[in-house]
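Reviewing the structure listed below.
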Amino acid sequence: MPEPAKFAPAPKKGSKKAVTKAQKKDGKKRKRSRKESYSIYVYKVLKRVHPDTGIWCKAMGIMNSFLNDIFERIAGEASRLAHYNKRSTITSRRSRRPCACCCPASWPSTPCPRAPRRSPSTPAPSESLPGPGARSLPPSLPPRVAGCFVSKGSFQGHLTTSVKESFLCCQSQLMFLASRLVNFRRAHNTKHR
């Protein structure tokens, strides 16, 4: 008696076996591209303010695009400020002015931690970042702690990593945003019930 043909059962429509990762022709898996975002910082601040509250992925995308937009506005305003004063760099003390111009009126009054001052024994931020991906200032310009290197020829502001870190250290602003987002979410949830 001939044996019946054995077929593998077809995967169900919604099963995970049917969905496979995209592969190249030679059989290697594609690497996932890395995307930088502020989502981990927003999440940390949210958990510090409201430990029992979570955030949706779409809301995190909104917060991420908001922070990118604010950061670009501050960089552009800092570039204009340096151009008006005929300077190639701005110090950490002068970086509060662009923040006051770009942010809402209530933000500059909230307490903001000052940038740490560099002692002679600690290296400058451009010297302390090892690796090929580290950005450093041109050798003709002195490195500034929490400063901003702005090319005079263009209005594009190239911020050093110390400015980015000091921007992320302003947790009072992020806490304010996280609490506003939580209040909006609570109000939105109560409307639809």
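Note that Cβ sites are derived from N, Cα and C of the backbone, with glycine treated the same way.
Positions annotated as compositional bias 'Low complexity' by Swiss-Prot: 1-12.
Annotation source Swiss-Prot lists region 'Disordered' at 1-33 (among others).
Feature annotation from Swiss-Prot assigns SUMO2 cross-link to Lys6 (among others).
Positions annotated as N6-acetyllysine by Swiss-Prot: Lys13 (among others).
Here Swiss-Prot flags Lys16 (among others) as N6-acetyllysine.
Residues or ranges marked as N6-acetyllysine by Swiss-Prot on the basis of similarity to another entry: Lys17 (among others).
What Swiss-Prot records for Lys17 (among others) is N6-crotonyllysine.
Residues annotated as N6-butyryllysine in Swiss-Prot, with experimental evidence given as evidence: Lys21 (among others).
Residues annotated as SUMO2 cross-link in Swiss-Prot: Lys21 (among others).
If you look up Swiss-Prot, you'll see Lys24 (among others) marked as N6-(2-hydroxyisobutyryl)lysine.
The N6-(2-hydroxyisobutyryl)lysine annotation in Swiss-Prot covers Lys35 (among others). Cβ neighbours of Lys35 (N6-(2-hydroxyisobutyryl)lysine) (same chain, under 8 Å, six or more residues apart in sequence): none. Under DSSP, Lys35 (N6-(2-hydroxyisobutyryl)lysine) is assigned to coil, being neither helix nor strand in the three-state scheme.
According to Swiss-Prot, the feature N6-crotonyllysine maps to Lys35 (among others), an assignment based on experimental evidence.
For Lys35, the entry in Swiss-Prot reads ubiquitin cross-link.
The N6-glutaryllysine annotation in Swiss-Prot covers Lys47 (among others) and rests on experimental evidence. Lys47 (N6-glutaryllysine) counts 14 other C-beta atoms within 10 Å of its own C-beta, drawing on all protein chains shown.
Under the heading N6-(2-hydroxyisobutyryl)lysine, Swiss-Prot lists Lys47 (among others). In the three-state DSSP classification, Lys47 (N6-glutaryllysine) falls within a helix.
The Cβ of Lys86 (N6-acetyllysine) lies under 8 Å from no Cβ of any same-chain residue at least six residues away in sequence. Taken from Swiss-Prot, the feature N6-acetyllysine applies to Lys86 (among others), supported by similarity to another entry.
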Reading the DSSP string in three states, the entry for Lys86 (N6-acetyllysine) is coil
